[in-house]
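Participant: What follows is a structure written as structure tokens; I'll ask about it next.
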Amino acid sequence: MKCKPNQTRTYDPEGFKKRAACLCFRSEREDEVLLVSSSRYPDRWIVPGGGMEPEEEPGGAAVREVYEEAGVKGKLGRLLGVFEQNQDRKHRTYVYVLTVTELLEDWEDSVSIGRKREWFKVEDAIKVLQCHKPVHAEYLEKLKLGGSPTNGNSMAPSSPDSDP
């Protein structure tokens, strides 16, 4: 566990930062997804999510993060997958599906850092995310294709006779 000025970072036994995120959909059809502006690069879009707090369950962390970053409440659905990122940072992110039931007019990150949110068709969101956050595009590709992620490593169990 490491402390940042405004949060505590938690790590799993393998040294991965524990994160949670949600693909927030306008309806159960899952054809329009909500993205938020990056705090670091306000002209770029990302999937809302962030670090898990000590003793916090992944689903609870995902709901808290989308409330803080996107100003939405909703019905938490299935766990889409657990994605690892090893390139620039060691992250392990639990990604859930959430159907939005309420959009707040003002929310924590809109007031404090001017964060924006916008609905995208899934295909458009994938294109937007591939430039800046390819691992986030991967979440939607897995959802759309029902397959395994390609850039990060999915933590789906593999059979003993598969190639490493």
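Quick reminder: no glycine exception, Cβ is built from N, Cα and C everywhere.
Note that this is a predicted model, so its numbers are computed, not measured.
According to Swiss-Prot, the record shows the following:
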BINDING   Arg9, Lys17, Lys18, Arg19, Ser38, Ser39, Arg40, Arg89, Lys90, His91, Arg115, Lys133  substrate binding site
BINDING   Gly49, Glu69  Mg(2+) 1 binding site
BINDING   Glu65  Mg(2+) 3 binding site
COMPBIAS  148-164  compositional bias 'Polar residues'
DOMAIN    17-144  domain 'Nudix hydrolase'
REGION    144-164  region 'Disordered'
MOTIF     50-71  motif 'Nudix box'
Participant: Give me the non-local Cβ neighbours of Ser38 (substrate binding site): same chain, 6+ apart in sequence, Cβ-Cβ under 8 Å, ordered along the sequence.
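Facilitator: Arg44, Trp45, Ile46, His132, Lys133 - these are the non-local Cβ neighbours of Ser38 (substrate binding site), listed in sequence order.
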Participant: Is it possible to list how many residues within the domain 'Nudix hydrolase' (17-144) are helical, extended or coil according to DSSP?
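Facilitator: Across the domain 'Nudix hydrolase' (17-144), the residues distribute as 41 helix, 52 strand, 35 coil.
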Participant: Among the binding-site residues Arg9, Lys18, whose Cβ has the fewest other Cβ atoms within 10 Å?
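Facilitator: Looking at the binding-site residues Arg9, Lys18, the Cβ with the fewest others within 10 Å is that of Arg9.
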Participant: List, in sequence order, those binding-site residues among Arg40, Glu65, Lys90 whose Cα sits within 10 Å of the Cα of Gly49 (Mg(2+) 1 binding site).
Facilitator: Glu65
Participant: Express the distance between the Cα positions of Glu65 (Mg(2+) 3 binding site) and Lys90 (substrate binding site) as a whole number of Å.
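Facilitator: Spelling it out, the Cα of Glu65 (Mg(2+) 3 binding site) and the Cα of Lys90 (substrate binding site) are 19 Å apart.
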Participant: Which of the listed binding-site residues (Arg40, Lys90, Arg115) has the least company, meaning the fewest other Cβ atoms within 10 Å of its Cβ?
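Facilitator: Checked Arg40, Lys90, Arg115; of these binding-site residues, fewest Cβ neighbours within 10 Å: Arg40.
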Participant: How many other Cβ atoms sit within 10 Å of the Cβ of Gly49 (Mg(2+) 1 binding site)?
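Facilitator: Gly49 (Mg(2+) 1 binding site): 25 neighbouring Cβ atoms within 10 Å.
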Participant: For the domain 'Nudix hydrolase' (17-144), provide the mean pLDDT of the predicted model.
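Facilitator: Per the prediction, mean pLDDT sits at 94 for the domain 'Nudix hydrolase' (17-144).
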Participant: Go through Glu65, Glu69, our binding-site residues, and report the one whose Cβ sees the most other Cβ atoms within 10 Å.
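Facilitator: Answer returned by the neighbour count: Glu69.
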Participant: Using the alpha carbons only, what distance in Å do you get between Glu69 (Mg(2+) 1 binding site) and Lys18 (substrate binding site) once rounded?
Facilitator: 17
